[in-house]
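Asker: I have a structure I would like to understand better, so I am pasting it below and will then ask my questions one at a time.
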Amino acid sequence: MPIPASPLHPPLPSLLLYLLLELAGVTHVFHVQQTEMSQTVSTGESIILSCSVPNTLPNGPVLWFKGTGPNRKLIYNFKQGNFPRVKEIGDTTKPGNTDFSTRIREISLADAGTYYCVKFIKGRAIKEYQSGRGTQVFVTEQNPRPPKNRPAGRAGSRAHHDAHTCLSALPERNSTNYFVQPCCCLRLLGLTGLLSK
């Protein structure tokens with residue numbers, strides 16, 4: 001009686017095909033698919049990194065990394081670990097699953113970089129089989145801070161501070177309270193002529 005295929009026991013034909021391709025040196029038949037080459041996101045938002053991995057290979061984990069080489073940073077492991085800002089999109093426990101996409105929330109400027117979805121194969125040791133082409137993430141600051149250009153000298157600094165305070169306190173133009181401001185603020189901002197109109 002044949003043994004039914006499962007993620008732990010792939011179908012015999014696909015295992016034989018994999019072994020034949022390995023022996024022949026053909027390793028680029030299988031592709032880890034990352035659909036987006038680049039994405040732009042603002043700080044504080046979330047981003048989805050897409051990854052599709054065919055289920056025709058022998059068992060082995062899929063991991064997400066930021067960067068390449070020996071200094072690459074592990075971003076997500078679908079099997080174990082604590083990754084508070086990262087969550088998987090697909091159900092990787094479901095037999096036949098091919099979706100290894102992830103969502104990263106609360107993006108910061110430090111999250112800019114290139115992210116890789118990487119397939120490993122279990123053997124005597126876990127061996128990296130193939131990586132996706134990578135998704136480059138650009139991060140823009142949502143509310144950039146204004147530059148601190150204060151005028152020189154004590155009086156100038158005080159005037160700049162008062163002007164900033166007055167400007168930030170002024171309501172919208174369509175507000176009925178637009179001109180109800182302390183006289184010093186109006187004088188400082190050169191708006192005293194508005195009172196006579």
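Every residue, even glycine, has its Cβ placed from backbone N, Cα and C.
Marked as domain 'Ig-like V-type' by Swiss-Prot: 31-135. The N-linked glycosylation site annotation in Swiss-Prot covers N174. Swiss-Prot lists 139-158 with the feature region 'Disordered'. Among the features that Swiss-Prot reports, signal peptide is placed at 1-29, with the record citing sequence analysis.
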Asker: Over the domain 'Ig-like V-type' (31-135), what is the model's average pLDDT?
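Answerer: Averaged over the domain 'Ig-like V-type' (31-135), per-residue pLDDT gives 93.
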Asker: Can you tell me how the residues of the domain 'Ig-like V-type' (31-135) break down into helix, strand and coil by DSSP?
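Answerer: Each residue of the domain 'Ig-like V-type' (31-135) counted once, the result is 3 helix, 42 strand, 60 coil.
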